[in-house]
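What follows is a single structure, written as structure tokens, with notes after it.
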Amino acid sequence: RKLKTGTASVAVALTVVGAGLASQTEVKANRADDARNEVLRGNLVRAELWYRQIQENDQLKLENKGLKTDLREKEEELQGLKDDVEKLTADAELQRLKNERHEEAELERLKSERHDHDKKEAERKALEDKLADKQEHLNGALRYINEKEAEAKEKEAEQKKLKEEKQISDASRQGLRRDLDASREAKKQVEKDLANLTAELDKVKEEKQISDASRQGLRRDLDASREAKKQVEKGLANLTAELDKVKEEKQISDASRQGLRRDLDASREAKKQVEKALEEANSKLAALEKLNKELEESKKLTEKEKAELQAKLEAEAKALKEQLAKQAEELAKLRAEKASDSQTPDAKPGNKAVPGKGQAPQAGTKPNQNKAPMKETKRQLPSTGETT
């Protein structure tokens, strides 16, 4: 564009120079014509003036010739300048085309660079979004890992606690098993004593059937026997209540160590009550033996009274046997429940007790091996004098 502007300026300048030369030549030619015309019109022009005029004309001719030469030179120069201008114009146009092509190429390059930049910017933004998403996933994974580690620690603590509780439970199970074995031995002894008591009562019935005591003495003996029977029944009822209490306490769920200790104490207390009931039964049997002796001393009853007394004694003995049989069934059932409890796995702490199931063993409990054995009573039969 600059080259084009300069070329146009040169062309304008050359045009102005050519126009000036042409106007100057025309002015000089006009002056010569005017002088000749003036001479021709004035016939009185002096010779000197004419000569001067001729010289001037010659001079003007020379000048005109020189001006023509200059004009040709100027025209040639102008033509050269025009050629140069055309050449410069062509070069400028070529350069302009080249520049335009260069500018188009530059524009295309800039467009390509802009496109690449936009593409890279989009890729960078996509990578940033992807990185943010990955970071979010990573944060979520870290949170999940932390939660799992916390859960693992909690489970490890729970397993450790369960392991300790299992050790305590195993120790308490062993202790309670020993106590249960001792309790079974005690129940066997109770059953044996009850069997002896039944045999003694049968013997008393036989002795009463053959006694010839007097009515008054027999009535006293009968009242005493009934009282003794009531005491025995009371003792058996206490024994039944204590055994029921033991069963109910066995049905309590896997409780704490203190609860198991209380249950064990209650079982021991029940055993003491059983021993006490046996002692009372022994004392009542001793009273019956004393009554039998008194019956032997008084033999004044009639056959009818003997039959009535025998019927009453048989009825009472039958009722007592039924009660003893029922008590034996309950003891057998209790033994079966305890045997099944010893085979079942320990319940977890905090669960409710299921009826009919035994309690979990208590840690630290000791078997009743050091307890004093049940007092073995010796009784002498009044009829034969045999000691049992």
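For all residues, glycine too, the Cβ spot is worked out from N, Cα and C.
Swiss-Prot lists 91-103 with the feature repeat 'A-1'.
Summarising the annotation, Swiss-Prot assigns compositional bias 'Basic and acidic residues' to 95-137 (among others).
As annotated by Swiss-Prot, region 'Disordered' applies to 95-189 (among others).
For 145-168 (among others), the entry in Swiss-Prot reads compositional bias 'Basic and acidic residues'.
As annotated by Swiss-Prot, region '2 X tandem repeats, type b' applies to 147-161. Mean model confidence for the region '2 X tandem repeats, type b' (147-161) is a pLDDT of 81.
What Swiss-Prot records for 160-194 is repeat 'C 1', and it gives sequence analysis as the kind of evidence.
Among the features that Swiss-Prot reports, compositional bias 'Basic and acidic residues' is placed at 176-189 (among others).
Here Swiss-Prot flags 202-236 as repeat 'C 2', drawing on sequence analysis.
Look at Swiss-Prot and you will find 204-231 (among others) tagged as region 'Disordered'.
Annotation source Swiss-Prot lists compositional bias 'Basic and acidic residues' at 218-231 (among others).
Taken from Swiss-Prot, the feature repeat 'C 3' applies to 244-278, supported by sequence analysis.
Marked as region 'Disordered' by Swiss-Prot: 248-269 (among others).
Per Swiss-Prot, the feature compositional bias 'Basic and acidic residues' maps to 260-269 (among others).
Away from its own ends, the repeat 'D 2' (317-322) comes close to residues 198, 201-202, 205, 229, 232-233 of its chain (Cβ-Cβ under 8 Å, at least six residues beyond either end). Per Swiss-Prot, repeat 'D 2' is recorded for 317-322, and the stated evidence type is sequence analysis.
Taken from Swiss-Prot, the feature compositional bias 'Basic and acidic residues' covers 331-340 (among others).
Residues annotated as region 'Disordered' in Swiss-Prot: 331-388 (among others).
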